[in-house]
Amino acid sequence: MRIPLIAGNWKMNKTVAEARSFVEAVQGKLPAADVVETAIAAPALFLQTMLEANTEDVLRIGAEACYYEDDGAYTGETSPRALHEMGIPYTIVGHSERRRYFNETDDVINRKVQAVFRNGMTPIVCCDETMGRRESGEKIHWVVNQVTAALKGVSPEDAAKIVVAYEPSWAIGSGTSASTDQAEEGCYLIRQTLADIYSDDLANGVRILYGGSVKPDNIAGLMAKNNVDGVLAGGSSLDENSFIQLANYQNL
Ligand code: PGA
């Protein structure tokens, strides 16, 4: 049984005070974590405040990124060791914006996946896909390669805990989600890749999310697909009422 995961990715939005009031506002309005798990990945400088405001402790507070070394002379970076000490369970790794604007390569993403596991957290590994690649038929190759590269050297014990997100960059922030069939196809492809690298059993236990313009009015259709175990929502996770609706998609 894969527990659905409804995750938000705030990107570089909000302030500490706004982050606190969001977390306060969602207390008591999210489903039990063993029915539908909910998480918000936020900038590192909000995390302590969000943890303190999260009195009900149903919402998971995650990070959006971290570095691949635990400590050292890496000015401006976020330590995965420090995130773990705070009690952060999830860190997004390899978001397409990190790949595009901060030059994160498959090798860097693989090191980060290993660092997140080494520090007792779970990575939410994002795979992207451009429209050019989709139209040229290169998409299969591309998604398979990203998943394979991200998991290089990762043990089956760790890989069994991973969360992967299929996030076509042509759908991110565009207002138009991939169709439910396209989302299913991407998530299925990722599951098959995990089965090829590890085993069917492992692949069947891993949660695979779809991300890209997920909103309260399209989440139910996406979540109805067999291989879509959750969503990674950007814009629609910023507003507390919209996030509460996403989290309660089973009642929409
Ligand atoms: P979006 O972003 O929901 O605003 O399209 C999703 C993401 O980038 O994770």
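Cβ atoms are placed via backbone N, Cα and C, with glycine included.
Look at HIS95 (active site, electrophile): DSSP puts it in coil. Taken from TrEMBL, the feature active site, electrophile applies to HIS95.
Here TrEMBL flags GLU167 as active site, proton acceptor. Shown in sequence order, HIS95, SER96, CYS126, CYS127, ASP128, GLU129, TYR210, GLY211, GLY212, LEU232 are the residues of the chain, 6+ apart in sequence, with a C-beta less than 8 angstroms from the C-beta of GLU167 (active site, proton acceptor). In the three-state DSSP scheme, GLU167 (active site, proton acceptor) is classed as strand.
Around SER213 (substrate binding site), the same-chain residues six or more apart in sequence whose CB sits under 8 Å from its CB are ALA171, ILE172, GLY173, SER174, GLY175, THR176, SER177, GLY235, listed in sequence order. Look at SER213 (substrate binding site): DSSP puts it in coil. The annotation substrate binding site is assigned in TrEMBL to ASN9, TRP10, LYS11, GLY173, SER213, GLY234, GLY235.
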Taking DSSP three-state, what's GLY235 (substrate binding site) in: helix, strand or coil?
helix
Of the residues named as substrate binders, ASN9, TRP10, LYS11, GLY173, SER213, GLY234, GLY235, how far apart in Å are the Cα atoms of the most distant pair?
14
So of LYS11, HIS95, which of the recorded positions has the fewest other Cβ atoms within 10 Å around its own Cβ?
LYS11
Which entry in the list of binding-site residues, GLY173, GLY234, has its Cβ near the fewest other Cβ atoms, using 10 Å as the limit?
GLY173
I want the residues beyond ASN9, TRP10, LYS11, GLY173, SER213, GLY234, GLY235 whose C-beta is within 8 angstroms of the mean position of the substrate site's C-beta atoms, in chain order.
GLY8, ILE172, ALA233, SER236, SER237, LEU238
